[in-house]
Amino acid sequence: MSFIRKKSMEFLKRFEVPAKNPSEDVQRRWREAVGTIVLNRRRRFRMVPDLDKRSQAETQRRKIQEKLRVALFVQKAALQFIDAARKTDHPLSELARQCGFSVSAEELASIVRGHDSKSLRFHNGVDGIARKIAVSLTDGVKSDDAGLRAEVYGANQYTEKPPRTFWMFLWDASQDMTLMLLAFCAVVSVAIGLATEGFPGGMYDGVGIMMTILLVVMITAASDYKQSLQFRDLDKEKKKIDVQVTRDGYRQKVSIYDVVVGDIVHLSIGDQVPADGLFIDGYSFVVDESSLSGESEPVHVSTANRFLLGGTKVQDGSARMLVTAVGMRTEWGNLMETLSQGGEDETPLQVKLNGVATIIGKIGLAFAVLTFTVLMARFVLAKANSDGGLLNWGMEDALSVLNFFAVAVTIIVVAVPEGLPLAVTLSLAFAMKKLMQERALVRHLSACETMGSASCICTDKTGTLTTNHMVVEKVWVAGADATLSVPNGFDQITSSLSGNFNGLLLDGVFHCSGSEVVRGKDGKVTVMGTPTETAIIEFGLEVEKRAGVEHAAAEKVKVEPFNSVKKTMAVVVAGAGGGGRHRAFLKGASEVVLRRCDAVLDAAGNAEQLTEAKAKRVATAIDAFACDALRTLCLAYQDVDAGVAGAGGEIPGDGYTLIAVFGIKDPLRPGVKEAVATCHAAGINVRMVTGDNINTAKAIARECGILTDDGIAIEGPEFRQKDPDEMREIIPKIQVMARSLPLDKHTLVTNLRGMFNEVVAVTGDGTNDAPALHEADIGLAMGIAGTEVAKENADVIIMDDNFSTIINVAKWGRSVYINIQKFVQFQLTVNVVALMVNFISASFTGSAPLTIVQLLWVNLIMDTLGALALATEPPNDAMMKRPPVGRGDNFITKVMWRNIIGQSIYQLVVLGLLLLRGKSLLQINGPQADALLNTFVFNTFVFCQVFNEVNSREMEKINVFSGIFSSWIFSAVVGVTAAFQVIMVELLGTFANTVHLSGRLWLISVLIGSVSLVIGVILKCIPVDSSSDSSDRHDGYQPIPTGPNAV
């Protein structure tokens, strides 16, 4: 046994794959290990990527990228030597001319795709293009014209493969080799039956087999088709991207699919460029074209280089863009066709269960061959001893041999658990659909599975733990602070400050901002921007209203958008400094800005030297704000010479005058404290990683229960200075990391996974969070505050940015894992019993007690119906009161083996007794005694499985009925199984080889089956040492408890 176990473990190692980014070698290794023991390759590997197709798609993608590289680089050089007079004609369509457009879709697309500066100049630049497509660069397109533009210039849709129909799934389900063999046997059986017994008696057996095969195929196809619809809906959600456009003179959000030629699109850091277009205006605008061209070098886009390609990502700055080509007229459209080829990577659990199915399949094949050999040997011996001897063969003999062969094939059908890997897909599809309803979009299948093993969550603070509905609560100006939420709070500020101070304050608030104040169609003023900037702009609007002072309009000469590394943003405004000088404003993290100041503004608006004592008072005010759990930001300015800080110059790094310190309130989300407590109970450590002030971070962390007495809070700069040995010592204690850079988050995640073997989930919303999201076992991007770059690198998108939703993902992840364990336990029990019963009966009686139709029905119960019942059970709160499953834990645990072996022994003993002594025990007599006994054995066997299905709902807990009606699918499957069993026995006897059972026999059948529940209780009282089921734990938590009092 130890030798077999060792060989099995070695074999299963070939089925180990990482949850993220598995190599092609690893993927091919397990495919080769599966070998030929697969009944239906088309179905088994339907959700597994076709590596050959993926390779072809990758080659095609590289060709497109190479073509684009030529367009972007070679063509630029060639245009210097080639006469631009050789211009391709792009005739204008009649529809375009009638609509008032004077440039064709093909010509517009060619300008940007070819970076054709000469053609752009020929059309008089962006202004000329705008006139030719009848759009205002200020007001954008008219909403009423959007449909017409889509008709003339195309819609922003990409060619996609048509969805698979139900009939395709029906065809896939029918490709099962064993079912084909059984169908062939059925046809031969009908032919021989008609020849020997005539019509209709001779065709019942064959027709019964064919009808059962049809039922199996139909139910299998229906289940698979339902899954495909769920995945299709989820795929649509994944592709939903909203973009900011100006239409009808107002800024508004539209779906990326609704963008049309002529739209004015607003782009900022982390956005995806939705279509090809031309740069109108913007600041420090840099795009990453690597997704298209394969070149990692960032591209600076400005008035000197106006070309923007769809599908690229904004790396820095902000801009407005005029859309010139959409959909399949863009290179991104052509590339999108290749991106979905080959399917999504298989999950570790799918691969692991393919390994289990392969081992069981080999055992089943051996038993099938043995059973056929034993049946044939007994038949041949009986034939040899008969009067006619071995030379006298008739139709009935041929039918017997055919039946032996069909039974052996059916044993293979039952023994090879094709449903194991597919049950994972079913469970994941169900979980992903439910999570979508709970505001979590799972982008990668494996993430839902892996999240159930998460032992650590590194979460942002702003918007995840807090509401992200920000408001300026306190402000420090001219040596004093004021609370704005109290009555007369604003009046206290505006009355004590001079008009000069208010003017400087308002200029800084409105000019040094990435937000924009827009007026909607209803006249309502809205601030478009991040919650932090929105809070400050709203503060400025309120000051304007109360002080009667408005900020001065001015041209921005240079802008440095907010950067998570510098933790500041800066802007230079033309002429605001007086005497022809420019004025630079600086806003950002309070400590960073304060270090760059050497003066402070007094109430009259005059600059005073920032002495050490004054700097200390400002720092004290900042700390006081932070200790009140407020986000702190500073605003400062300095006047600079036009030549020093012009468009090509650098914005000064120091020498600023401090204007104000803002304390921004961002309340804790309701339910976060409870969610953190749930994590701790579930063995999941929660760490806060934020760019905020350490005092603010500590205050929030204490409030929500993250920071405890034995935990530490550390700042990013201090963390970065630690060597590996120091990190090994300090990382387990870190609960808060403040003033951190994205690189700090990446380092923390890498060390948690590498040093401590943690399964790490990480939240992120910014472009710079992408490396950490990619490195983590589960990357969680924010759906509201997150950039498109962050979402693209994430595995799960938290649509409502709520920490409690992350806990739901973990709960469903655990549910998937446990549900699959339940199903495996149930299916292996049926496998063991069905194999042994048929083999033992064949050996002792010369016939199989379960006919082909009956075995196919049992296979349907344990495969498709069993997966539906057990793999779709919803999670319960008890799942979050046990530690996570470790990376090295065995999937089939000793607890499961105890249940499988115990239930199998009970069923084998009962069925063995019935086969050997059934007639005398049940007092069955008469000419139909054999048929009655076989029907009773079949009925008892089925009800043993029905009750064991109920038993499998809980592997440890005695009360298996708890929450049974919370899963209507489980109740429906059990009900349908029992009802169809009655129909099969009582009404379909001619086809199923059954006869009518009396009420007494029905009652005994059900009672014997229900004893499985009692056996389950007894088994759960047997303690099991599960220490070898799990790897050495790093987190201090004990293994999952066992015994009747366990969860």
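Yeah, the Cβs are placed from backbone N, Cα and C, and that goes for glycine too.
TrEMBL annotations:
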DOMAIN    120-194  domain 'Cation-transporting P-type ATPase N-terminal'
REGION    1026-1047  region 'Disordered'
TRANSMEM  177-196  transmembrane segment
TRANSMEM  202-222  transmembrane segment
TRANSMEM  359-381  transmembrane segment
TRANSMEM  401-431  transmembrane segment
TRANSMEM  823-844  transmembrane segment
TRANSMEM  856-874  transmembrane segment
TRANSMEM  895-916  transmembrane segment
TRANSMEM  931-948  transmembrane segment
TRANSMEM  960-981  transmembrane segment
TRANSMEM  1001-1022  transmembrane segment
Same-chain residue ranges lying at least 6 outside the transmembrane segment (1001-1022) that approach it to Cβ under 8 Å: 898-899, 902-903, 906-907, 910, 922, 932, 936, 939-940, 942-948, 950-951, 956-958, 960, 1043-1044
The transmembrane segment (401-431) in contact with the transmembrane segment (177-196), cutoff 8 A, at least 3 CB pairs, sep 6+: yes
Touch test for the transmembrane segment (895-916) and the transmembrane segment (202-222), at least 3 Cβ pairs under 8 Å: no
Listed stretch, out of 202-222, 823-844, 856-874, that has the most CB pairs under 8 angstroms to the transmembrane segment (177-196): 202-222
Secondary structure content of the domain 'Cation-transporting P-type ATPase N-terminal' (120-194), with strand meaning DSSP E or B: 48 helix, 3 strand, 24 coil
Arithmetic mean of per-residue pLDDT over the domain 'Cation-transporting P-type ATPase N-terminal' (120-194): 85
